[in-house]
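One structure is given below, encoded as structure tokens.
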Ligand SMILES: NC(=O)C1=CN([C@@H]2O[C@H](COP(=O)(O)OP(=O)(O)OC[C@H]3O[C@@H](n4cnc5c(N)ncnc54)[C@H](O)[C@@H]3O)[C@@H](O)[C@H]2O)C=CC1
Ligand SMILES: O=C(CO)COP(=O)(O)O
């Protein structure tokens, strides 16, 4: 049994805390919102995020970070990407022993283009954590909280920490694989959110399964292209955190990114969409970050650019699809072959 703190009490933090309780660990969940803590304690559930799911009686709920992390062996950081730095800065003040730092968030920071592990490295001291482990994969909180079979990947440059995380979380309904490709696993989780916005937009326009299969497949091609330039193993993208997470996010109405895209495709303005969602839609900021990055690295990402134009340039979703369909004729596999077969040549 390990002592573990989960920082972030939204849908995913709550579902992961429940997996850890199921595995008989001593689990504390931390929220920055005192009212939410009180409601969770009074109601025995996390009403806003997982309204029908009772919380395990063994889960302790905290709004005091010092108490939440007291003597823990591992910390699971699972706040939205835009709150990662702020949460690490709070943690830096109160964490006086070394922990295993696991994060389960999916995003890229605009301007810096940092992955989450890079933000953590910048904000915390190495005396406070051994190394970062990324936990990612096709895993909607709504289904994990119902104990439906789910598979994810724990990636760390330190294989022993990936294996520690596998042991911590793995059970009969939550299967964890390990990987050392931190860059690929983080980028897969973050970049699929952009393509899920696109899949939602396509559905919102009334297009069908052919269009969605095209978006998933060509989306996979462009995110693999970018990730490979950034140092990921392209083969990671045929795994759970690549194509696996693309499938689940592009095809499920649980996905906030898909739902936001769907509303955009129906002609709603971005501000109205975001106020209706009431939960984090990571793909919006990640689209900004990746559009900047693709421009800087001169990588062709036509789907991402089209989604950026819908979000920020007021371009009509229908016109974006028409323009994607009218791009110059090209071959299908050449660029992916280049990535796969030329990557070790330099
Ligand atoms: N919901 C899901 O099924 C999955 C979500 N994720 C990722 O997990 C991360 C968190 O997502 P969710 O839990 O779904 O979001 P959510 O929208 O359900 O909840 C976000 C939580 O973060 C808290 N929060 C917001 N700002 C904060 C701050 N400054 N400091 C501390 N806490 C703050 C909110 O109070 C709320 O409890 C995201 O990066 C998401 O992509 C990953 C896999 C599955
Ligand atoms: O990452 C997820 C599933 O793997 C959740 O996706 P959304 O943030 O779009 O709901």
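In case you wondered, yes, glycine gets a Cβ from its N, Cα and C as well.
All TrEMBL annotations are machine predictions without curation.
As the structure is a computational prediction, the values presented were derived from the model and not from experiment.
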So TrEMBL lists 11, 12, 32, 49, 106, 141, 280, 282 for NADPH; which of 175, 256, 327 goes with them?
-> 256
Co-listed sn-glycerol 3-phosphate-binding residue [TrEMBL; alongside 106, 137, 139, 245, 255, 256, 257] among 70, 82, 192, 212 | 192
Neighbour count check, CB within 10 A, over recorded positions 32, 106, 192, 256; minimum at 32
A correct count of other C-beta atoms within 10 Å of the C-beta of residue 255 (sn-glycerol 3-phosphate binding site) gives 23
Filter the candidate list 11, 32, 139, 192 of recorded positions, keeping only entries whose CB is under 6 Å from an atom of ligand 2.
-> 139
Under 6 Å from ligand 1 by C-beta, which of these recorded positions make it: 137, 192, 245, 255, 256, 257? Sequence order, please.
-> none
In which DSSP state, out of helix, strand and coil, do we find residue 139 (sn-glycerol 3-phosphate binding site)?
-> coil
Pairwise Cα distance maximum in Å, sn-glycerol 3-phosphate-binding residues per record: 106, 137, 139, 192, 245, 255, 256, 257 | 16
